[in-house]
């Protein structure tokens with residue numbers, strides 16, 4: 001057991017004047033210099049008082065302004081001075097709210113009132129402030145128990161936690177949250193954690209299912225597309241866009257072929273297929289030689305599956321009068337939300353506000369991660385973050401330090417205090433394109449019999465010239481899945497996918513279905529030749545092997561397409 005716990009600096013009465021004290025400290029060297037100058041030129045000052053007086057007065061005024069400016073910059077930029085300012089703010093708060101004790105002391109036949117503050121300590125780092133208040137039944141105890149929202153506003157921070165530590169109650173306030181913002185390149189999945197800020201992540205296994213709320217123009221779509229960008233690299237993503245708007249255009253991108261749904265019938269079928277997928281995966285897990293009770297899908301080397309719905313309320317509005325479709329959809333949703341975690345099936349819902357009219361409260365409570373962007377009304381925050389945040393002050397901030405900020409909101413685990421959130425920065429104004437970024441994501445092969453439940457993707461019919469029709473049919477009949485070719489040649493699928501990605505960048509297109517990459521005899525020859533070039537080059541560079549093979553065949557930029 002510790003005999004002493006460091007709680008930070010104790011708040012004193014004189015701390016309310018700290019800004020003035022530090023200003024005087026900065027000014028004092030100038031005052032000494034001016035006084036010394038006056039002493040050296042005392043006789044001249046007596047003879048010519050006006051010129052010397054103007055000069056000294058100007059020096060005093062300049063030194064006052066200059067020291068005030070230095071003082072202001074230090075309080076804004078330096079952590080030490082920010083700590084002093086927090087002491088000043090807290091001291092003034094205690095005094096102005098009568099949270100102090102008065103003792104009467106007799107001095108020289110006079111009675112003087114001496115003000116003393118209760119034991120209040122503050123500890124501050126770059127990103128966190130901890131304030132500890134003494135309890136022990138003192139006269140201010142009841143008021144000290146409910147200061148979270150007050151401290152949050154006072155320090156322009158984010159109230160995160162309240163704990164009882166022996167004789168004290170301690171409040172944790174997060175500050176400077178925007179400094180923890182990351183860029184889209186830093187949004188990655190490590191293990192089962194999707195990094196959203198430097199110190200904020202979504203662990204989709206421990207916190208299954210994500211609920212996103214936000215009004216129009218708050219940055220909800222950009223957050224969704226950022227999340228898709230990270231998840232599509234490590235798992236399978238089904239995208240449902242009942243509004244047929246931003247996300248509907250992703251169906252043209254290879255990695256999402258056959259996995260984007262817009263009509264109500266297709267979306268309901270998507271949920272149905274994923275329920276069947278989940279059940280087959282559970283069956284496969286239970287019959288596996290590696291089966292262990294309580295283990296989830298990662299134990300069996302299975303990839304996660306995400307079902308993302310943008311504007312669930314729009315979908316419910318489409319089937320508002322069709323009670324059979326409503327019942328069917330809610331049944332599938334309930335199964336996935338309640339049973340999907342262990343099988344690796346996760347739901348992501350985006351809504352302007354998670355109204356109980358569109359999603360049952362019992363189901364909503366099973367979305368363990370909550371995220372809002374933009375500004376919501378108080379009822380919207382209540383629906384998003386629940387009773388645990390009833391007293392939280394949800395601040396509306398459109399600008400920080402004079403700069404307009406988008407993508408600001410709040411994030412929390414269900415039932416916990418919400419914290420300030422800044423969505424990853426996406427440089428759209430510098431030419432970043434989500435569609436280009438998605439196009440570079442390699443396609444994952446469907447491995448496992450549970451994927452057989454998904455319907456084969458059928459691309460839109462294209463007009464074929466009669467002269468080319470016979471040749472096209474012949475080429476189609478010669479194509480086979482990449483996995484079949486890999487097994488025949490005893491090659492590794494990840495290596496072949498890497499080479500195909502490099503060839504695609506050079507304009508050589510491979511046909512893809514929802515479950516496989518198809519190769520024709522010429523493409524098989526190319527792949528084998530590239531592997532041969534790689535071996536001859538000392539196994540140093542796949543890009544160089546690809547380049548040498550393309551030059552040898554005179555291909556590139558659209559030639560040699562399947």
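Glycine residues also receive a Cβ, built from the backbone N, Cα and C atoms like all the rest.
Those TrEMBL annotations? Automatic predictions, nothing curated.
Now, the feature entries from TrEMBL:
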TRANSMEM  21-40  transmembrane segment
TRANSMEM  52-70  transmembrane segment
DOMAIN    197-382  domain 'FtsK'
BINDING   214, 215, 216, 217, 218, 219, 220, 221  ATP binding site
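The Cβ centroid of 214, 215, 216, 217, 218, 219, 220, 221 marks the ATP site; residues of that chain outside this set whose Cβ lies within 8 Å of it are 352, 373, 374, given in sequence order. Counting other Cβ atoms within 10 Å of each Cβ, the lowest count among the binding-site residues 216, 221 belongs to 216.
A C-beta separation below 8 Å, combined with a sequence spacing of at least six in one chain, links residue 215 (ATP binding site) to 352, 374, 375, 376. In this structure, of the binding-site residues 214, 217, 218, 219, the smallest number of CB atoms within 10 A of the CB marks 217. Around the Cβ of residue 220 (ATP binding site), the same chain contributes 212, 213, 214, 350, 373, 374, each under 8 angstroms and 6 or more positions distant in sequence. Beyond the ends of the transmembrane segment (52-70), by six or more residues, the same chain brings 23, 26-27, 30-31, 34, 37-38, 41, 44-45 to within a C-beta distance below 8 angstroms of the stretch. Within the model, the domain 'FtsK' (197-382) carries an average pLDDT of 89.
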